[in-house]
Amino acid sequence: DEAELLKHCAWWGIVRKPASRAGGPVQLTLTGAATAGAGTQLQRGDGVVYHITASKNAGAGTLTVDLEAADAGAAGNAPAGTLLTFITPQAGIVQTATVTGSGLTGGADVESVPELLSRLVFRVQYPPSGGTKYDFERWAREVPGVTRAWCLPEWPQAGSLGVTFVLDNNPDIFPSEGDVARVAEYIKSHPDPATGEPVGQALGPVVKTFKLTNHPVAFQIKIAPDTPENQAAVRQALVDLLYNEAKPGGIILPSAFWRAVAGVKVLDDFELRSPMASVSAGATELLTVGGITWL
């Protein structure tokens, strides 16, 4: 159970990731000289509240300030272009502000039990060993919101390596520039979550943290009974398959897709018409479930 898992994690030095707050830049429009004070609150259309982290002032024009979500959790994340409104009108500042840059990022819920268990198993299988590819993958997965990570030795060339990751609990699992920067900074140096001792990238190869390119896989499937609920179950089975088996540069055999659909117990019968051949991802691509045509 969860309590027993936490005991094992404590023994192995794995600390459950707490919820974290989203943050990032927002652009204000000033009608004259004005100050955007620290702590001033803005609200998203669905009620999520943010506050300005540090005071800034300027004359008429635009002013960019940093925000942080009032509450921790993935709900605080917001893409660039999201509109926010001051809860209390501010003198000399237009009431509406716009999220800019790479958006409000870094918000994550408390790490789920399956994700924590996965990190524990990884730690047992691949103990810390002075900067191997597994150390880089483990460090990336310690960052709030990161669920899967990969280290590519000798990428993009000899003497360097690549680190990439996804955030499966976000609507868009692929990281923003802000997410990439957070992970890169953490890998460079951070206090060990269990001991507090400084750890991170050692002198040696150049480490490049980067965003993968989405490679959606299109499907043609006939199922019986053909209901919305069964379609959703089949899609989830394919999502689970790629969650567990997809990786940069990886190959998924058609038999794996067949087994995933065959595992949906509510189906009486099915036909997988496409793909009928192996699907490959490029070195910097990740396979995901694309469109499904229901025949």
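The backbone N, Cα and C atoms fix where each Cβ goes, and this holds for glycine too.
Because TrEMBL annotations are produced automatically, they should be read as predictions rather than curated entries.
Database features (TrEMBL):
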{"type": "DOMAIN", "residues": "28-105", "note": "domain 'Baseplate protein J-like barrel'"}
{"type": "DOMAIN", "residues": "128-200", "note": "domain 'Baseplate J-like central'"}
{"type": "DOMAIN", "residues": "217-294", "note": "domain 'Baseplate J-like C-terminal'"}
Counts by DSSP class (helix H/G/I, strand E/B, coil) across the domain 'Baseplate J-like C-terminal' (217-294): 27 helix, 28 strand, 23 coil
Per-state residue totals over the domain 'Baseplate J-like central' (128-200) - DSSP helix, strand, coil: 21 helix, 17 strand, 35 coil
Arithmetic mean of per-residue pLDDT over the domain 'Baseplate J-like central' (128-200): 93
